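Working notes, beginning with the structure itself.
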Amino acid sequence: MASSSNIYRNNNSNHRNTIKIDRTPAPSSNLRASSSFKSKLAPSSSNVRRSSPAFLGGSSHSVSGRVRVAVRLRPRNAEELVADADFADCVELQPEIKRLKLRKNNWDSDTYEFDEVLTEFASQKRVYEVVAKPVVESVLEGYNGTVMAYGQTGTGKTFTLGRLGDEDTSARGIMVRAMEDILENISPETDSVSVSYLQLYMESIHDLLNPVNDNISIVEDPKTGDVSLPGATLVEISGHQSFMELLRVGEAHRIAANTKLNTESSRSHAILMVHVKKSVLGKEADFSCNNDSSSHFGSNFNPPMLRKGKLVVVDLAGSERIHKSGSEGHMLEEAKSINLSLSALGKCINALAENSAHVPVRDSKLTRLLRDSFGGTARTSLIVTIGPSPRHRAETSSTISFGQRAMKVENMLRIKEEFDYKSLSRRLEIQLDKLMADNERQQKAFDYEVDRIKLEAQDRISEVETNCAEALEREKRKCQMDYMESIKKLEEKWMSNYQKIGNNGFTNGTTSREGKGVDRAEITELKKLLQNESSMRKAAEEEIANLKSQLHQFTNPEAGGNSCILELHKMLEEETRKRKGLEEEVLVLQSQLSQQTLGSGQSQFAHSQLRDGYDRDGALMTNLHEQVGLQKILSLLESEDPNICMHAVKVVANLAAEEDNQERIVEAGGLTSLLMLLRNFDDETICRVAAGAIANLAMNEANQEIIMAEGGISLLAMTAGDAEDPQTLRMVAGAIANLCGNDRLQTRLRSEGGIKALLGMVRCRHPDVLCQVARGIANFAKCESRASAQGTRRGRSLLIEDGALPWIVQNANNESPHIRRHTELALCHLAQHEVNAKDMISGGALWELVRISRDCSRDDIRSLASSTLTSSPTFYAEMRRLRIEV
């Protein structure tokens, strides 16, 4: 007997279902009601049982969500094609109205309605998007979710859920596709995914990833009612390949057997548990680590949130009747255990559907594991699988009835989120490291400044010591010389007096008396001179002692070193203030000299207006040329004084922003003067303002040709190469971007270095500069695309030859919407020319074009990408090789 997986693979390989799926859950009121239907529709949310005390832990913040049920029909297998060749299928599907008919005979049938009805031709992708994708999206938002398959043995449950798709990727089951979606929507840096894979065999829980664990116990939280399996192996998933390896290991350990109904019949219930921890970004978790964010350590920040979701995928073993399956011996015991657990699950579903006061959850380990899936807090999707053979009509009817009862079960969805204290701790550690590094840098700078001041103080003290020592030495020598000179004079006077006394002492009495009187007067005078010399010597000695004490204070830092340093600082500050005053006086004199060189009173008025006008409002600036005269303003651009030239170019830039003034500026020679400023001035501010004015003038097509004729591209490229300020680069990039939109200037623009200059400016990494670069590249690519369509251009794109393609591909999905829009448009225009296709495929542009055709927010760009991919033979062949669908 052919297995159900082979039947599905053979049928799905020949049929494609292209019906667009609406993922919005249909409310119960949308189901069609009919008195002839066997199924009764799910009651409204006001009448449906919200939660069961036995099946739910309780939550005050919950959202109602009914169990959604889809039915899938298996195609006939080889045995049924032979045995039932003369009989019609017992099942008739009407997928358009989501209706199923189960025939009793040729003239009577029962009609049922489900949330989705999937024919035997439905692809695995459609089954996943209808049944499991809404549940996976809820799990990523922090809810629990369950996807379960129920049905008779051999109807395709394992094919639907656990197909790996090694040979054919389109045959992948719900497990593989769900993990692909989860891995695509998490961040490896902040989020985590872990997996457990179990089987319930003979009322015993076995670990498929570690077969040694063959009797895992179930633990229930008494407060919340949550069920956990602490003994199960939990493996963290790093990528899709590691998950596939785990599934292969688990499938190898799962118990299966050959019965009359299925060659590979599962003899256990397989349960895949996926735990997702996802950090919440946005306003709830707004936390930044800026250098000046000290306020974050106060009460102005919120810890990031962590949402925990659990996805449970249950592949139930198939129900079977012993006389049909032919089970004997140990297989008979397995079948009894399977049927008992499925019967217990059916009783719980019946109790929940009928709002019974008691739900028999503890009758089976299967119902205990699934207590959150039916009547609990999980979003649950059930797919029931049936076969078409009339021989198994009773089993098909039982399966359909199970699905109808499950549609009446209402779950109360509850999000699980908590503060991500680990992430907060990591971010606080990063912030602490930054603050410590800043503190260390500041401490080093402070120590360096202190050392510098100490060296300056020591140099000043050494200089003062030297000056004082020299002054003391000079004073000492002077005092010694004066002292020796005084002694010499006294000795001379004493000798002269002695000689006079010797000659005239014994001549006569009168003379002798007169001489004695004279000698007494001279002696008195000499005594006074000696006293004066003695007092002068004492004063000199005291001054020397005073200077020595001052010198001691200078040499002893404990005694007065700090005060000396402060005095030196005051002296330095005074010198600095004097220097600033002198500089201000020089500036005033320069301004007065420039005013005098302007000549007449009208020139002086113009200069003052130019200097003050840039800081006034825009209306005064735009009308300034009416007061002074445009020609006079443009003449000031040739001034050698940078200040005058600066004010003049600012006025011209503001005038060039108005379209009405642009023609007059160009006619008066203003464009030529602006280009001269780029050539002659090294002042980056003047070059920035001049480039902005040129960018405004370059919006006019006639002005673009003038700019090219006067070598403007070379000057702009030279300015871009020398500039470092982002605003200067933004102005230059804007001017070149405007020139890139002129079809006639393409070749010359490239030959004079315009494209190289644009690509060189990406070194700045400023978003505004990158936006202008992307705009210029998009304009250039658009002109090339237009020329290729008209047949005036052949060969590869000049952008690709200049190496722009890697940067375009890298920024095609940039975070900035403006950069992304321009680069996406550039890619689409480059792809219009078939000769560029091979370079774009080798450069990775094909994947970006596919993404743009699917996810671009702009309808026109998305349509352009789609039409380009389908119309290009090279792109189409590569997509067929890679099995990419647009």
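Backbone N, Cα and C atoms are what each Cβ position is placed from, and that goes for glycine too.
Any TrEMBL annotation is an automated prediction that lacks curation.
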Inset, instruction - With TrEMBL as the source, identify the stretch among 125-174, 275-324, 425-474, 775-824 annotated coiled coil. - result: 425-474
Legend entry - Segment-level pLDDT (mean, integer) for the coiled coil (523-592): 63
Inset, instruction - Provide the number of Cβ atoms within 10 Å of the Cβ of G156 (ATP binding site), excluding the reference atom itself. - result: 28
Inset, instruction - Helix, strand, coil: count each for the residues of the repeat 'ARM' (628-670), based on DSSP. - result: 35 helix, 0 strand, 8 coil
